[in-house]
Amino acid sequence: MERTFLMVKPDGVQRGLIGEITARFEKKGFKLAGAKLMNISEDLAKEHYGEHKDRPFFGELVEFITSGPVFAMVWEGKDVIATARFMMGKTNPAEAAPGTIRGDYAVQVSNNIIHGSDSPESAVREIGLFFKEEELVAYEKSVAAWI
Ligand code: RTP
Ligand code: MG
């Protein structure tokens, strides 16, 4: 089953949106495999966002993502990587459709509430950066036959 890494960013945690956001993925039919509230070190932030290291906003991005706790999660399900990105909405909240997380709760590209892996390779890499294998829980959900 496919897995993705999702993270409520510091702005989402500060604004009390952990519950709203996790509820959307639960109701959709995905399965939570692991979750934790944590602070991101500068080293982890730079590693996680390494693909953006030459972009002008890299410094601000690292500063923002380390500015307060994040809620890191691993979710499982059919096509969860692409579907979660669709549910998050476009990177720039001004372009994110209403009904998406960024479309409903964010205004600025630098404070866009949630991160989600953008490919199967990113998902494996990011899950490995944030979680130890023993922190992920394997279990059955009784609704599995319908979704
Ligand atoms: P994320 O990695 O956080 O899930 O976001 P994303 O895939 O939708 O967007 P990405 O291109 O990976 O950019 C990472 C984060 O950098 C910030 N950003 N700022 N100032 C800017 O023009 C700009 N562009 C991107 C955003 O917070 C974005 O989520
Ligand atoms: Mg990205």
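Count begins at 1; order follows the chain as displayed.
Cβ from N, Cα, C; glycine included.
Annotated domain 'Nucleoside diphosphate kinase-like' per TrEMBL: 1-138, in sequence order. Look at TrEMBL and you will find Lys9, Phe57, Arg85, Thr91, Arg102, Asn112 tagged as ATP binding site. Per TrEMBL, the feature active site, pros-phosphohistidine intermediate maps to His115.
Features as recorded by TrEMBL, highlighted on the structure.
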| residue | record | contacts (Cβ under 8 Å, 6+ apart) |
| --- | --- | --- |
| Lys9 | ATP binding site | Phe64, Ile65, Val70, Asn111, Asn112, Ile113, Ile114, His115 |
| Phe57 | ATP binding site | Ser110 |
| Arg85 | ATP binding site | Gly116, Asp118 |
| Thr91 | ATP binding site | Arg102, Val109, Asn112 |
Inquiry  = Given the binding-site residues Lys9, Phe57, Arg85, Thr91, Arg102, return the subset with CB under 6 A from an atom of ligand 1, ordered by sequence, or none if empty.
reply    = Phe57, Thr91
Ask   = Tell me, how many other CB atoms lie within 10 A of the CB of Asn112 (ATP binding site), whichever protein chain they belong to?
value = 23
Query = Of all the recorded positions here, Arg102, His115, which one's CB has the most other CB atoms within 10 A?
reply = Arg102
Task = Can you tell me how spread out the ATP site is, meaning the largest CA to CA distance among Lys9, Phe57, Arg85, Thr91, Arg102, Asn112, in Å?
result = 21
Query = When DSSP states are grouped into helix, strand and coil, how many residues of the domain 'Nucleoside diphosphate kinase-like' (1-138) land in each?
reply = 62 helix, 28 strand, 48 coil
